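Student: Pulled the feature table from Swiss-Prot, pasting it below:
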- Gly27, Arg30, Arg111, Asp154, Arg157, Arg160, Arg163: CTP binding site (BINDING)
- Gly27, Arg30, Arg111, Asp154, Arg157, Arg160, Arg163: ATP binding site (BINDING)
- Asp40, Asp42: Mg(2+) binding site (BINDING)
Amino acid sequence: MNDVFLKALPVLQKLTTAGFEAYFVGGSVRDYLLNRTISDVDIATSAFPEEVKEIFQSTYDTGIAHGTVTVRENNEFYEVTTFRTEGTYEDFRRPSEVKFIRSLEEDLQRRDFTMNAIAMDEHFALHDPFSGQEAIKNKAIKAVGKASERFHEDALRMMRGVRFLSQLDFQLDSETEKALESQIGLLQHTSVERITVEWLKMIKGPAIRRAMDLLLKVEMETYLPGLKGEKKALTEFGSWDWGKRTTDDAIWLGLVVTVQPNNVNAFLKAWKLPNKTIQLVSKAYQYALKMKETWLAEELYHAGKAVFSLVNELNIIRGKENNQHKLSQAYEALPIHSKKDLAITGADLLKWSGESAGPWVKETLDKLECGVLCNEINNEKNQIKRWLGYHEE
């Protein structure tokens, strides 16, 4: 049995010893059946939150309104969630009410896909009321119950379906795909932050080309930030070898290179990305558009290591040669890496010239910066002084 389950087993055993049902549920059970790596587990129980808190010494109310209590066991943290049913979904994401129950099957019934509605007990026996194992065997992504109802409850489930297709190389069953196509407009009610998470997971999947084909077939791109009408760009984007990526930044750079938005900053901000990512990708954009492989010393200097490394990463994804080592060597060989590395400062210029401060100081330092980069002058204080026409002291 997987070590992750074995380590968490005492949590289930404490709950069952206290007279409650407890199971491993969701993605961890699915991934176990698929022999995929399991990083963490989710636990569902018939114990109500207050009952869970009585059983364990160390607990945290991380989502108690929805029945989730985080418990600490053997220096590990586990989310333990009470079986529940949910009321109507008025905003296509959150239920109007949550009701705690004692039935495992009713709890599994509210989940998105049958492959995610399998439970495993403390003896590692599987409880599979919706034939999730059969779906896994057939590589099918099938909604629990009516697909249209599941998507109406949480519109993000449509994007999750496409993401699972990419990650698992599965296929949506016909009813689920039809419901996805007919209800795709509900995606507009989903927060951008949640969409961004699913988008990144989808791109990283081994079956990204098939996932992108389905995404475009159902016109999901219409409801993704800045991608309406970009079928051609997304087809190209989906054809690249994203298995070679090492950073998420490369995904965003690849997207702006194919879409070529009028305002790269605004496009990236619409995806609610961190400012650091927006700044890096925006700076790398013009270099990446040219599929730059050969760089002048001045270009390496102004771009910086983070930018030329990102452009090189995207080139690899697009089937070009990996020039990282050569570029890094050329960058390290530069006489300076920023204006701060110059052997003199504006204060030196004022002292040597006897003149007042003004725009000329920046202009002179810019000229010197270029001269040092082009090897016209060594970055040495006395040589710079002579080069600028000042007499040595």
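Glycine is treated like the rest: Cβ placed from N, Cα and C.
How buried are the listed features, and what sits near them?
Tutor: Annotation note: Arg30 (CTP binding site) sits in a helical segment as assigned by DSSP. Annotation for Arg30 (CTP binding site): same-chain Cβ neighbours under 8 Å, separated by at least 6 residues, are Met115, Asn116, Ile118, Gly132, Ile136.
Arg163 (CTP binding site) has a Cβ environment of 23 other Cβ atoms inside 10 Å. Annotation note: Arg163 (CTP binding site) sits in a helical segment as assigned by DSSP.
Around the Cβ of Asp42 (Mg(2+) binding site), the same chain contributes Phe24, Val25, Gly26, Gly27, Ser28, Glu79, Thr81, each under 8 angstroms and 6 or more positions distant in sequence.
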Student: Please give me the CB contact count at 10 A for Gly27 (CTP binding site), counting all chains in the structure.
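Tutor: A count of 16.
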Student: C-alpha of Arg163 (CTP binding site) to C-alpha of Asp40 (Mg(2+) binding site): distance in Å?
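Tutor: With distance taken Cα to Cα, Asp40 (Mg(2+) binding site) is 19 Å from Arg163 (CTP binding site).
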Student: Here are the binding-site residues: Asp40, Asp154. Which has the lowest count of other Cβ atoms within 10 Å?
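Tutor: Asp40, out of the binding-site residues Asp40, Asp154, has the fewest neighbouring Cβ atoms within 10 Å.
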Student: Within the chain of Arg160 (CTP binding site), which residues six or more apart in sequence place their C-beta under 8 angstroms from its C-beta?
Tutor: Asp112, Phe113, Glu198
Student: List the same-chain residues at least 6 positions away in sequence whose Cβ sits under 8 Å from the Cβ of Arg157 (CTP binding site), in sequence order, or say none.
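Tutor: In sequence order, Asp112, Phe113, Ala143, Arg150, Phe151 meet the Cβ cut-off.
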Student: What same-chain residues, at least 6 away in sequence, bring their CB to under 8 Å of the CB of Arg111 (CTP binding site)?
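Tutor: Those within reach of Arg111 (CTP binding site), by Cβ under 8 Å and sequence separation of 6 or more, are Gly26, Ala117, Val144.
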